[in-house]
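The next block holds one structure in the form of structure tokens; read it before the comments.
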Amino acid sequence: MVGLKAKPFDDVRKVFTVLDADNSGFIEEEELKYVLKGFAKDGRDLTDKETQKFLKAADKDGDGKIGVDEFAALVKE
């Protein structure tokens, strides 16, 4: 994600906390959809299929959500 690649883990964790709107400790599909909207070229809502594809790529343990460690790995790619 833009601007986070070189940031220390504590900064990445702070961003994760902001994105985790329901404070569940995970970024779920609806939260991810909202986040990704800001990265779409035209600011459009992503389709469910697009969001699920991104979620699947980031969700390394297959639990259907993105934990802080998965998020940190994602932004470092």
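FYI, residue positions are counted from 1 along the chain as it appears here.
Yeah, the Cβs are placed from backbone N, Cα and C, and that goes for glycine too.
Around the Cβ of LYS65 (Ca(2+) binding site), 19 further Cβ atoms fall within 10 Å across all displayed protein chains. Under the three-state DSSP scheme, LYS65 (Ca(2+) binding site) falls in the coil class. The annotation Ca(2+) binding site is assigned in TrEMBL to ASP20, ASP22, SER24, PHE26, GLU31, ASP59, ASP61, ASP63, LYS65, GLU70.
What TrEMBL lists as domain 'EF-hand' is 7-42 (among others). Note on the domain 'EF-hand' (7-42): DSSP counts are 20 helix, 1 strand, 15 coil.
The domain 'EF-hand' annotation in TrEMBL covers 46-77 (among others). Looking at the domain 'EF-hand' (46-77) alone, the prediction's average pLDDT is 90.
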Number of Cβ atoms other than its own within 10 Å, given for SER24 (Ca(2+) binding site): 10
Other C-beta atoms that fall within 10 angstroms of the C-beta of ASP20 (Ca(2+) binding site): 19
Chain residues in Cβ proximity to the domain 'EF-hand' (46-77) (below 8 Å; excluding those fewer than six residues from its ends, i.e. six or more beyond): 1, 4-5, 7, 9, 12-13, 15-16, 19, 24-29, 32-33, 36-37, 40
Local Cβ density at ASP61 (Ca(2+) binding site) - other Cβ atoms counted within 10 Å: 10
